[in-house]
């Protein structure tokens, strides 16, 4: 193309390294084509040949261009000769015979050239269409094949492989990695071939035209390559993020310990500290802008100096030694430039190849791996008659993902046919593992598992799994209808059988109550169903298989009492006449089993009936007693609490989460769709409208001088192209001057102009880069600070939303704010640059010849479009495929995340075929797109040839008929064409403008949010004689992030000034919540908190918090010195050293600090990591004392300490309590016996209150707690 007129940075790194690299690559690329059939290989070969020939088109065009230049120059000379009246034109050096014929000739010549151009254009059109269409469709076919093979292979892998590969990673591999391979084997290859061929032919054209000049130009091109290389180095943004890291660490620290910051009113102080740390990031950003400016300036400067050198030396060759024609000069110069640029543009393709190869490696490794347990294999025999005896012989086992943890250690168990055997034992003793071995998800390391005396490894897997029905603790349902879910149990089930199974599972009635009955969709992962309903559908699915062996893995543990009874009944029905293994945690569910087997540390240690085992006083006995004792203190699940967390296997972690949930559920809350609900809420972020630019600019207002300077620089840069077109045509014009001295003078003048333009553009580029960087960085810093302040203003409840976790907020500060500058400075620069570029080109063109300009202008939109297209080509079309593959992606992610269930049901093939079905549409789309893409590409490539044909033909007409000087033709055409291609490119190089607007919108959304609890000093009342009388009246409260669990259910308790109130109760009863209401981190949903008789809602937040000091269980210290941490207690003033020492003495801290080398200046480390817990706790107490609060809150302040430090800290606390209203949350009863009021809480209400003596006398809950010495929380 004619892009040789216009230089875009990011190109021409022409160095031999690239070429060597390129040859190496080709040997490796072959790996990527291993799945090509001969047909595809043929398509790729033909496409490759097309692109080779296509690459030669631009250099060819240069030959025509050179000849044309010569014709014009000759014609001009002839016209001058004829204009001289003394000369008559007799057969002299001029090829025309006389003036009359000459006119016809120039037009005829031009027509000839125009036809050449059209011919090349048509050739390019056809070639480039085939080049793209063939490669892209060949790639689409191969990718389709790879996708299918990869998914099929994954579904065949044994479960152990999934333990070692995270599912998320596999999903991204299926989508992104395969896309990367696609990028590497599709259009990129053909474009790469085309560019390399242009490079080779360009240099060839140069050497044919004139080798001396070619060598000179080649000699300087490494300088351009160097500049382009430096540019790409300068773009390293890594450093910027490093520079921001300090400020980021501050933000992270503050947001992670927000409650402490809020409690001590440190918001303003933190915002200042954050701002101080931003200076470094700002400085680096500005430096980066300046560096890029310098490099860009250097690049342009070098380019113009090269022009000057080449034209000066070239014209010497033309005029003095006559070894070069003017056309030859043009041809050489542009040939070499074009070659160099194309070599530079080939390098992005190499990146695509490299990432494609890396991606291909991981995918092909998986495709080549043979599964250890192949569920698709036909091998292994089937038994005609199955009794159902299962035996474990000396089985040793560990999970492949954690080889160092031994799960089963020489296990011997016999399960008799037709009996129900229950496995009991603490978590992690290997019960669930035995079940997975029976299903042959894993093979034992030693020993064997037998069914009716046959080693199950010798049986056919699909057949073996078809004998087994399994009901898990967390049943997995697939996102289809209820009937379909049950049908997964066995292929070819009739509707009658489904209904029968549903009846047996006690599911029929609730299904019939649903509006769509069996056609009800269960939602993603069964999310629309309650726990009990899911469990019963899963039982129906297991029963429809009519299994010989039924495995129940904690099948009822996730349910509340009522559903449990129903499900249990269904299971008892199902067990009849089948070999059943049941694992349970609630003993009520397994008492009636025929045999109980007790597990411990991967061994079966005891076996017998319920009563036999109770007499043995072994594992089973301890579990039973623990569970019964748990009943008294309102603990349902005591059994599971006694757990060794020895094994973090995936299901034990799941089980742990569930236990947490059941505990909540058991307290009588709904079944449990809420976990699922929450997940989905977090995922669909609200769609954000882009922000108006005006508002972004408003934040940037103070920087207007910088923006003005930048725009000035941009304007100068924009006018460089058109000026270049002027000078270029002047040079061609000089060749037709007959007076040699005049000619030389003009050429030297033009070369000097080139040099001066180069120097000027160096400065203007630097000016543009630096000014916009400066204004952009100042904007970023301002936005970061404002956003950070806005975050600190939000109420605490806002941070509970996972969307606003500290991690998410810090990344938002880091990235969003810096992205916003893309919408101001650089954007304005881009616009100014383009406008001056167009403006100047049009003025020049229309000034010199308006007729020709009109003709060229007709082609401009097309040329502009083709520029846009080429830029789009560089970024590749791959992203558009992603959406098409979403449906297939859903199938694959559902399949991978539920792989165990699918394996248990032997449904792998079903999912593979479903996946392949979903791939059909995108595949068809990809093939269709190959053609569309080919046509567009071909159009973009050939437009410019057509434009040249038309405009030069018309130019020739004007030259001969209207006496237009021929240099004007060149001037007009090159001015307009350069500006058009430049624009097309520029429009696509606009840095992340859309992203910037969205990032800004997110920031503004944060800035505009009105917090539910206002932090301002002016709102709310404050008063002077603050006494510290506190009263909770009928407070009800639920955390906004867990709306379905009411934590406080009508809390009533009051405390007078100077008294100490102690809260006691089990964890989750709302003790700490009451403290948070008092601090106004939250406001109660109903009822009020009264302070000195005024409702807390009406009190000014900063005033209220300034009266409260808090010492919590895990005190949060900031990463600064001890003195600064103590000073943090009062942020409204500067605390003097004297006060710090005083407070430290009261907190029993002073003596310890004086032993440290730096005394009070000792750094505590991040989160106080340099200190022991007792020391941290005492600093926290000193911090609370410095505040001199009227109310002191102690939230389990000594729980984390050993006895010795506890005594010291306790003494410090007793000291601190003097004369203050104090609320203590205790976990050791000994610490609160001196309290004035002790309130025992349970489930969000106070069940009894009074002094220690009164409560002991009542012999109720408190008495029980004290006498048993049971831990409370």
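For all residues, glycine too, the Cβ spot is worked out from N, Cα and C.
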Among 854-874, 875-895, 896-916, indicate the range for which TrEMBL gives the feature transmembrane segment.
854-874
Could you tell me what the rest of the chain brings near the transmembrane segment (704-727), counting residues at least six beyond its ends with Cβ under 8 Å?
5-6, 300, 304, 307, 750, 753-754, 757, 760-761, 764-772, 774-775, 778, 824-825, 828-830, 832-837, 839-841, 843-844, 971, 974-975, 978-979, 982
Using a threshold of three or more Cβ pairs below 8 Å, and leaving out pairs closer than 6 in sequence, do the transmembrane segment (747-767) and the transmembrane segment (290-312) count as in contact?
yes
Sequence-remote contacts (6 or more beyond its ends) of the transmembrane segment (964-983), Cβ cut-off under 8 Å?
1-3, 5-6, 8, 69, 72-73, 75-76, 721-722, 724-726, 728-730, 732-733, 736, 834, 837-838, 840-842, 844-845, 848-849, 852-853, 856-857, 859-860, 863-864, 866-867, 944, 947-948, 951-952, 955-956, 958
Below 8 angstroms Cβ to Cβ, which residues of this chain, lying six or more residues outside the transmembrane segment (114-140), approach it?
36, 40, 43-44, 46-48, 50-51, 53-54, 57, 60-61, 64, 182, 185-187, 189-190, 194, 923, 926-927, 929-931, 933-935, 937-939, 941-942, 945-946, 948-950, 952-953
